[in-house]
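What TrEMBL says about this protein:
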- 237-361: domain 'Glycosyltransferase RgtA/B/C/D-like' (DOMAIN)
- 34-52: transmembrane segment (TRANSMEM)
- 59-92: transmembrane segment (TRANSMEM)
- 104-122: transmembrane segment (TRANSMEM)
- 129-147: transmembrane segment (TRANSMEM)
- 167-186: transmembrane segment (TRANSMEM)
- 269-287: transmembrane segment (TRANSMEM)
- 318-351: transmembrane segment (TRANSMEM)
- 363-380: transmembrane segment (TRANSMEM)
- 431-449: transmembrane segment (TRANSMEM)
- 456-473: transmembrane segment (TRANSMEM)
- 479-495: transmembrane segment (TRANSMEM)
- 507-527: transmembrane segment (TRANSMEM)
Amino acid sequence: MTRLLSLGGCLAVAAGLALTPALQGLRSVVTDHNLVLFAVALVAAVVIARLARWSVASALLLVALVLLLRFVGAGPLLAAALLVAAAAVIGASICRSDTWSHPGIAILVGLAVLSALAGWLLPFPVHYFLTYLAVLAAIVGLGRHRLHCLVRAAQGSWREAVRQAPVHAAFAMLVVLMGGAALCAPTVQYDDLVLHVTLPAQLVALGYYKMDLASQVWSAAPWASDVIQAYVAVLAGHEARGAANLIWYGLTVVSVWTLARELDLSPGLRWLAVALTASVPLMVSLNGSMQADTAITTVTVALAALVVRLVRTREAGLLLPFFLLSALAIALKATQGLLVLPLAAVVLAYVGWRPFLRQALRIAIPVVFVAGSSYFYAFFVTGNPFFPLFNGVFKSSFARPEDFADRRWNQGLHLNSLWRLTFETDRYLEAAPGAIGFSMLALCGGALWTLLLPRIRWITLALLAASIGMFLGIQYARYLVPLFTALITLGLLAWERARMRWGGEVVLGAVVLVNIVFMPASLYIFGDDLYWRMFSNVNGQPSVVKQDLQRTYAVELLFAQYLSMTQPKGYSLYLADTDRPFVAPFDGQAFGSGWYDPTFNAILATANRDESGATWSGIFERTGMSHVLVTSNTPQAIRASLKAIKAAPELVIGDATLWSLCKDRCAGRVHALVNERDVSRNLIRSRGY
């Protein structure tokens, strides 16, 4: 029975690959290039291991570090290291009385505190390099002895983990390297350019966050992940997604291994759990983005590991990190309440209501501190703490009085939804079939088998309930990745009990290899041979490679750099392509007509009907626009307006042209809309808060 459930999912994967056209969506040349690149990395690691007498797993870590130094840079990596060190000190200090000491949990607790501290201070001009450096360095200096103990514990754990299963460790670390290669890519994904870059970019440029909800309705959405991005960016002096995501990716790997250890899996299966997670194609696109789901994956697996230990040991001391990590989950996204509540019910059942309630009351204020900053400011500014969600209830004037709904992802829940998620992923995500990977389908039988285990069944049920709840809300594949990551590791319990030894491990290794083949399916940029374009130019200038990729996928980044250099006193830019509302890189000085900006979006149709351009000319004059960015997709009415007001082309990159509306008078121009939409300055600080 156990073997049947374990192998059933793998047979489903094989059947799906044979019967569906999923493989046809891949470009063989991209897959070949990826495999060549990673074969080179493996050969380099083997050579280093032989020469230095290291393990291959440790040598692969060195290869990864070299690539990160080359493409991410020493400055961002040092910034991330300082942030992690400070977080470790804070977390170890908070959890010092716990009988279970774990560096990964300590770092996450520290990150929760640091993200909350900066989150509450976002509207105020205190976010500067020297401020961050002084605070974080002081924390590290004061806690250097505790940090030293954590580092030594981590080193010892690494050596022991590799020693117990060196071949499995090498295989897993090669997969981790492959999944993490996206950390080296520039930030060019859609959601990053319309939203996530905004917060770190404004803290770097201005020292505070404008919180412009009129230009981007998601500006006060839970921002803990973007705040961590901002810490690294401010210290590095520029956007540094790769270094910030390295923190989350590394902690995800550590958390998966920890969860596997708490489940008492064999050393080999612990490493296979890491490989099955790191090889998931969507993990690649998450590493290449600033999506909160990257951090949510880490926190979800860490919470699962904590709850597994709590269920087994009933240690009341673990309630403190559980509550703080739960608060961090809510600070990352409101929907994580669907995860936190069922897990809290499991903890309550095993620890008892008295210690649970006692600790909950004791830590209530810190929990609100960690979780609440974005919800508070959203309510303060708009009257809706979840803005733009549930606006049909709160009826904020910043958006239409209706509940937000994305009708693209409305496939419904069916008995074969997991199959369809796996082989028809494009119906649930902007990706190709197979992008969600095959680990969950392969391990689904094992995950269901854990329902037979008295203690683990409740954790599995909590994760399944959260998965179904999120899927019922919106059938969007990316939101399931964090929960699937924990369920995959739980599913390996069946493989442990089935005692299939090396045969079972070979099958799981094959699933990992299939995931690797489908990595380009995760996002169109990876399907465009992104890795080959980057790493085949490892001897070239990384900045040239980066600019080439930006020119291809996100030319707005180049215009943002140009304007920051040529307009030091400020500018006001209108992005005239409604399909590219990429306002985030412009430090709060750009506006678009996408649905993210309800005001501009509402006047779009009327203004475009005036083919003389007079309506747009009036809009540009009243709002104080100094520049307009035009592409081949720009409406004719805007082109007519530019001609009528005698605008001059200032910079051309590809099919995009930057037009100046004020010629040599831009320096003295009053940017009315930029000033009007600075919510932090006009509403919050002006009231003395």
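Each Cβ is built from the backbone N, Cα and C atoms, and glycine gets one as well.
TrEMBL entries are annotated by machine, without manual review.
Within the same chain, the transmembrane segment (59-92) packs against the transmembrane segment (167-186): three or more Cβ pairs sit under 8 Å, each pair at least 6 residues apart. Within its own chain, the transmembrane segment (104-122) is flanked in space by residues 83-84, 86-92, 94-95, 150, 199, 203, 208-209, 211, 223-224, 227-228, 230-231, 247, 251, 254-255, 258, 298-299, 302, 305-306, 321, 324-325, 327-328, 331, 369-371, 373-374, 376-377, 680, which lie at least six positions past its ends and keep a Cβ under 8 Å from the stretch.
By the Cβ criterion (under 8 Å, sequence separation of 6 or more), the transmembrane segment (431-449) is not in contact with the transmembrane segment (129-147), since fewer than 3 such pairs are found. Counting only same-chain residues 6+ beyond the ends of the transmembrane segment (129-147), those with a CB under 8 A from a CB of the stretch are 82-83, 85-86, 88-90, 92-93, 96, 231, 234-235, 237. Counting same-chain residues at least six beyond the ends of the transmembrane segment (363-380), those with a Cβ under 8 angstroms from any Cβ of the stretch are 112-113, 115-116, 119-120, 122-123, 211, 213, 220-224, 320, 323-324, 326-328, 330-331, 334, 386-387, 684. Through the fold, the transmembrane segment (167-186) approaches residues 34, 37-38, 41-42, 45, 55-57, 60-61, 63-64, 67-68, 70-72, 161, 242-243, 245-246, 249, 253, 267-268, 270-272, 274-275, 278-280, 283-285, 287-288, 505, 509, 512, 516, 519, 525-526, 530-531, 534-535, 546, 549-550, 554, 557 of its own chain, all at least 6 residues removed from its boundaries and within a Cβ separation under 8 Å. Here the transmembrane segment (479-495) has Cβ contacts under 8 Å with residues 2, 5-6, 9, 252, 256, 259-260, 263, 265, 269, 272-273, 276-277, 280, 282-283, 286, 293, 296-297, 299-301, 304, 335, 339, 421, 436, 439-440, 443-447, 449-450, 453, 456, 459-460, 463-464, 466-467, 470-471, 504, 508 of the same chain, all six or more residues outside its ends. Within its own chain, the transmembrane segment (456-473) is flanked in space by residues 263, 304, 307-308, 311, 335, 338-339, 342-343, 345-346, 349, 413, 417, 447, 450, 479-480, 483-484, 486-487, 490, 493, which lie at least six positions past its ends and keep a Cβ under 8 Å from the stretch.
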